[in-house]
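Presented below is the structure to which this report refers.
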Amino acid sequence: MMTILGVPTQALFGQLLLGLINGSFYALLSLGLAIIFGLLNIINFAHGAQYMMGAFVAWMLLNYAGLGYWWALILAPLAVGLFGVVLERLLIARLYKLDHLYGLLLTFGLALIIQGLFRQQYGVSGLPYAIPPELSGGQRLPFMFLPNYRGWIVAFSLVICIVTWLVIEKTKLGAYLRAATENPTLVQAFGVNVPLLLTLTYGFGVALAALAGVLAAPVYSVNPNMGADIIIVVFAVVVIGGMGSILGSILTGFALGLVEGLTKVFYPEASATAIFVIMVVVLLVKPAGLFGKPA
Amino acid sequence: MAHAAAPADAAPIAAALPETRDTKALHRIVFIGLAVLLAVLPFGLYPVFLMKVLCFALFALAFNLLLGYGGLLSFGHAAYFGMASYVSAYAAKNWGVTPEIAILAGTLTAALLGLAFGALAIRRQGIYFSMITLALAQMVFFFSLQAKMTGGEDGIQAVPRGRLFGLIDLSDDRVLYVLVALIFFGGLLLIYRIIHSPFGQVLKAIRDNEPRAISLGYRTTRYKLAVFVLSTTLAGLAGATKAIVFQLASLTDVHWSMSGEVVLMTLVGGMGTVFGPIAGSFVIVAMENYLAEFGAWVTIIQGCVFVVCVLVFREGIVGLVARKLRKPL
């Protein structure tokens, strides 16, 4: 068996792949957070809960409606995104004139409610969700075994991230979004319906989180706490990357997932804290974040 | 993020009401009233419940010093509360020191941790500050989960209450209550003194307009770090005392939900009011006690309280009273 630095290649690449998968989730989630923060100036603490909701909606579609993974991949983000639109219209929209911290507190409260309701209904032990038959099995590569579904997560997230980036950078809608991020008042004066743009942006960011949730459902068990665990790491990712750049948050997400995977191989005890340690180092060396503009 | 800073009237703090001589007299009355309540309540309410309220009230007061007067929203205050609780429990149980030394050790730990984390977190402003403090606290949580000293999932149980100064036996709840009440009152007086000192005035200036304070020649980062450390130290004092009272230090104390709880207490009581966190912690601890049997509903109700407070009751209980009286409380 081949080894690199005393670690069997099979284990090394396996962990790297797992890291890349986590990185995909970090990228999708931090991308959504960054888009929402850019326009709404709100840190969406409910992002983790909405990611969890995506996984649960997929599970419900399968168990209550008999709709499989591919339907869930479309319907769950739509449903949770719609839920986000309702939240924004009813609650979040009332806070735009207030200090940012109220947005954080409100969405934190929402996260508690959502997680509590799911915990009350489904317990904390986690529900299984099978890998779709089209993606079961795997490829035997020269250096490792690649399960098809894991490859799919990484490829699909990458495509979604790139498409999102292209939409924001290259389309007219994206141009409105960027303009409104810079100066909402002026954009409104040009006749763009900024409140609608805010609502749609929030819905879209939430839908991205739900999409990550659907992708995660077959890998991790569907669990009411799955969002709370990941969201704090995603916050650290966002601090490291800085929310100023869309591409930056995507890159940081994937890179940090890889680093976390590497830590699991070489120093497993630190894998849970690796990203936080990196955050500390980045704060010391480049306080504005890797892609952030200095304040 | 080219947004201008939020308009001044949207500051998270109850609108500054002018301080007059009557205000001082009013505050003196509130202090005397609190002291009387502290002396009378144990005859009507269960002392352990009261001690829980007092520990959390001190924790929330410490948190509010940072948020209400420094304008800094830390979302990771559980780290200082919890680490102090662990160190205090460990010292009392494994080193067999007297309770005052154990509490002191816990408090000192929180101060040092606050110095390290504060120096990092104040490098970023606003929402980033909150996220950094939360992430650092999560690091402490994972450390507590894995370290041998903390007992992992079990926590440190059966901590001896011991004898204060080696003389006074604290195993009687009523005796311990006196100590906890004194610690709480001392902490409250200290915080009141800090808020009304020249240092506190500078803090308020920084909170309201940092660029202006900088242009006036204040080294604002030093002030921010100082108030951060003061806040974590007092949060540690609360946590260390709590470990002795409940003879337990566990992962609950360092979990992010604890950080959320202290925010909730402060929000309910009134951010930026001196006495608000006391009212808030009484309400929240009482609510948790009565709802304890309903399991996940506690979280759901806490979430609802958050949402309702943020949307329609931002001034909090004491903030409302202060507005009615037209005097800062």
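Backbone N, Cα and C atoms are what each Cβ position is placed from, and that goes for glycine too.
A TrEMBL annotation is a machine prediction, not a hand-curated record.
It should be emphasised that the depicted structure is a prediction, and the values quoted were computed from it without experimental measurement.
For the ranges A:39-58, A:99-118, the feature annotated in TrEMBL as transmembrane segment maps to A:99-118. Cβ atoms under 8 Å from those of the transmembrane segment (A:12-35) belong to residues 4, 43-44, 47-48, 51, 143-146, 150, 153-154, 157-158, 160-161, 164, 168, 177, 201, 204-206, 208-209, 211-212, 215-216, 219, 230-231, 233-234, 237-238, 241, 243, 246, 249-262, 264-265 of the same chain, restricted to positions at least 6 beyond its ends. For the transmembrane segment (A:189-218), same-chain residues at least 6 beyond its ends with a Cβ under 8 Å from one of its own Cβ atoms are 24-25, 28-29, 31-33, 35-36, 39-40, 44, 47-48, 50-59, 69, 72-73, 76-85, 87-89, 92-93, 96, 129-132, 149, 153, 156-157, 160, 164, 176-177, 179-180, 226-227.
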